[in-house]
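> To start, I am sharing the structure in question, which I have written as structure tokens.
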Amino acid sequence: VPKSVDWTKKGYVTPVKNQGQCGSCWAFSATGALEGQMFRKTGKLVSLSEQNLVDSSRPQGNQGCNGGLMDNAFQYIKENGGLDSEESYPYEATDTSCNYKPEYSAAKDTGFVDIPQREKALMKAVATVGPISVAIDAGHSSFQFYKSGIYYDPDCSSKDLDHGVLVVGYGFEGTNNKFWIVKNSWGPEWGNKGYVKMAKDQNNHCGIATAASYPTV
């Protein structure tokens, strides 16, 4: 497994998006993982509709702007037979009624894989599969006001996960400062152009390996 990987440099990752005042991080994490897998399969990077997931995946257990899980989103896409493009079904940051149109579907999946809850397993998946959906504890002001460097907060929990994000790579600075490259959905103004480097191999810091998964296409 390589010592560093960055899928943003290989065309797998769309520009940073902004979820706004809606608890839809799970939808952004899910589209991010599927955008990467569709690019891997087709060589085309197409931005996918979070709004489609917000509006339509309640039967799978999601709650729109009140939260959800990436695996439920992948399950919806499988059962629905597709997911519309961002362009055809733009983001509104609010709960609206399902307006899925199969003719605008830009992706589908056959299910999902849950990665074993270890950073080594996550590292292997990121290296071999592509961007991976993960959930983290992002409930600290240190995270909300993050700007640069490797994020580490001793109060971060590996169990109380409240935010879905996308691991797009990993790397290291110096001898032992290892990090995950994480795409957030709080717009490009947040953090480092919308990204955060999160401490890696520090006892599953912030729970990054606790609920990691990706869709199969």
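Note: Cβ is positioned from N, Cα and C throughout, glycine not excepted.
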> Choosing among CYS65, CYS98, which residue does Swiss-Prot name as bonded to CYS22 by a disulfide?
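Answer per Swiss-Prot: CYS65.
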> Sequence gap of 6 or more, C-beta under 8 Å: which same-chain residues meet both conditions with respect to ASP162 (Zn(2+) 7 binding site)?
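Listed in sequence order: ALA135, ILE136, ASP137, ALA138, GLY139.
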> For ASP114 (Zn(2+) 3 binding site), list the number of other Cβ atoms lying within 10 Å of its Cβ atom.
10
> Indicate whether HIS163 (active site) is helix, strand or coil by DSSP.
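The three-state answer is strand.
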> If you count Cβ atoms within 10 Å of each one, which of the binding-site residues ASP71, GLU92, ASP160 comes out on top?
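Comparing the binding-site residues ASP71, GLU92, ASP160, the most crowded Cβ belongs to ASP71.
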> Nearest to ASP71 (Zn(2+) 3 binding site) in three-dimensional space, by Cα, is which of the recorded positions GLU92, ASP160, HIS163, ASN184?
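Of the recorded positions GLU92, ASP160, HIS163, ASN184, HIS163 has its Cα closest to that of ASP71 (Zn(2+) 3 binding site).
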> Checking the recorded positions CYS25, ASP114, ASN184, which are within 10 Å of HIS163 (active site) at the Cα level?
CYS25, ASN184
